[in-house]
Amino acid sequence: MKVGIIMGSKSDWPTMKLAAEMLDRFGVEYETKVVSAHRTPHLLAEYASTAKERGLKVIIAGAGGAAHLPGMAAAFTSLPVLGVPVQSRALSGLDSLYSIVQMPKGIAVGTLAIGEAGAANAGLLAAQILGTHDENIMAKVEAFRSEQTESVLANPNPAED
């Protein structure tokens, strides 16, 4: 495994699966797990503190509401932690964004956008991080970026379909 995708509850999976799909696109191995900062704090501590020895290189943590999962995961590991604020009914995920982005100096969490775009970009960013030491992954990331450019250039007029 290279990437761990964790989320506060199973209800976060529809959002977090976009991170998994992005990693699939680049052929990056990952594991998924529900780990609640509030309901299973000891499991979270064990998961994050053993992540490096289990072969993980990056952790993607998605959470809604109080969204303490990414910050607490970062507190227990020296690996990069990417935080995804999951969009919620209350406050549309803005509360989660503030929770994840406002980390104290010395405990870093790379915070992505709220919701599906954030989850997909977390997968992309994890692949880019891994790609700095894996030419195969980086080649796939670069091909993806080229495909995006080509799709825009192929359809420059929004009035045409």
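Each Cβ is built from the backbone N, Cα and C atoms, and glycine gets one as well.
Pulled from Swiss-Prot, these are the features on record:
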BINDING   Ser9, Asp12, Arg39  substrate binding site
*If you draw a 10 Å sphere on the Cβ of Ser9 (substrate binding site), how many other Cβ atoms land inside?*
17
*For Asp12 (substrate binding site), write down the residues of its own chain that are at least 6 apart in sequence and whose Cβ falls under 8 Å from its Cβ; none is a fine answer.*
Val34, Gly62, Ala63, Gly64, Val86
*Given the recorded substrate site (Ser9, Asp12, Arg39), which additional residues of the same chain have their Cβ within 8 Å of the Cβ centre, ordered by sequence?*
Met7, Gly8, Lys10, Ser11, Val34, Ser36, Ala63
*Could you say whether, by DSSP, Asp12 (substrate binding site) belongs to a helix, a strand or a coil region?*
helix
*What number of additional C-beta atoms lies within 10 angstroms of the C-beta atom of Arg39 (substrate binding site)?*
11
